[in-house]
Amino acid sequence: MAIEIKAPTFPESVADGTVATWHKKPGEAVKRDELIVDIETDKVVIEVLAEADGVLAEIIKNEGDTVLSNELLGKLNEGGAAAPAAPAAAAPAAAPAAQAAAPAAAGGDDAILSPAARKLAEEAGIDPNSIAGTGKGGRVTKEDVVAAVEAKKNAPAAPAKPAAPAAEAPIFAAGDRVEKRVPMTRLRAKVAERLVEAQSAMAMLTTFNEVNMKPIMDLRSKYKDLFEKKHNGVRLGFMSFFVKAATEALKRFPGVNASIDGNDIVYHGYQDIGVAVSSDRGLVVPVLRNAEFMSLAEIEGGIANFGKKAKEGKLTIEDMTGGTFTISNGGVFGSLLSTPIVNPPQTAILGMHKIQERPMAVNGQVVILPMMYLALSYDHRLIDGKEAVSFLVAIKDLLEDPARLLLDV
């Protein structure tokens, strides 16, 4: 029985997809729940699995084709046998026996010479084995050597080797300056579209501050082993502290957690924090739902799970949809300072950066401290400068005195 292979049902936010990769060819056997084809959307790659054991009968939509929700991609013959493998080519006939050895040189490997002939040959620098003997039994006589010497004298001189041509300027091979044109992936095209949209539709501005990371680093160093043991291998990183600090600051400044819808301002009564994660396809932003209620361990576990799914290409559209505020950490790549771009319809994004030791003035003394620059990009249509600066200072204060996160002060 033929089974139709269809594209999945896309959410309302996804209009169509692109056939990225067929993992099977027509005639190949397929097992139930085995990956057949990948469909790339603006946000994620969706895997289409086989509904039953069988053989891939037909591919209707080829790689690179655009497909709609539930559109037919191909057909699977349930329970069919795979096409038989092509018979192996017949083994080549055995090579014929080697031909008889070429006749020996005129004088043989050990030519027979008279003492006088051998002495003359050595004086003339002639190999006796190269002289054809005319004596009895092929013996090389003195006359044979004399004849060989005369023949060598009368032989025309070898033409002189032509002088090497002057070196010419190097010529680049065609492949040294090759260009390759490939279509954008759907994710890259969507990112490009959204970034241009954000730049043109928002009154975007960035404010900066810096945070002393020593208190967080000391706390992490003191408890990281116990934390990992207590929470089944979940590692304590810096991102969880930033998420907790952000959720607390968002409670104090709800406008930073809001969005604009036409002429309305939508204040969200929840905090869904997007965390930028690097993947082979590019930067993706999965969302921690209701982050204000999550513990440090739950935040770290969620981020680690997102990172694993991103690496394996298994992030779902649900993982990537929504978000009321975003945190991006360019510091993991070595960025010292940047101006992150707001992801609409959100109105703000926090940028973390590289921790770097710098001399700082503390109580009149110069102290070397691990410092990090913070950047908050925001939509000035909704958020005033005072509110943005105060929000960033609140995050700074919470991170420099992490006990305040526990005491809610």
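Cβ coordinates come from backbone N, Cα and C, glycine included.
Summarised by DSSP class, the composition of the domain 'Lipoyl-binding' (2-77) is 0 helix, 38 strand, 38 coil. Annotated domain 'Lipoyl-binding' per Swiss-Prot: 2-77, in sequence order, evidence recorded as sequence analysis.
Annotated N6-lipoyllysine per Swiss-Prot: LYS43, in sequence order, evidence recorded as sequence analysis.
Per Swiss-Prot, the feature domain 'Peripheral subunit-binding (PSBD)' maps to 112-149.
Other C-beta atoms found within 10 angstroms of the C-beta of HIS380 (active site) number 13, with every protein chain shown included. According to DSSP, HIS380 (active site) is assigned to coil rather than to any helix or strand. Look at Swiss-Prot and you will find HIS380 (among others) tagged as active site.
In this chain, no residue six or more apart from ASP384 (active site) has a CB-CB distance below 8 Å. The annotation active site is assigned in Swiss-Prot to ASP384 (among others) on the grounds of similarity to another entry.
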Measuring Cα to Cα, how far is HIS380 (active site) from LYS43 (N6-lipoyllysine) in Å?
27
Integer mean pLDDT for the domain 'Peripheral subunit-binding (PSBD)' (112-149):
71
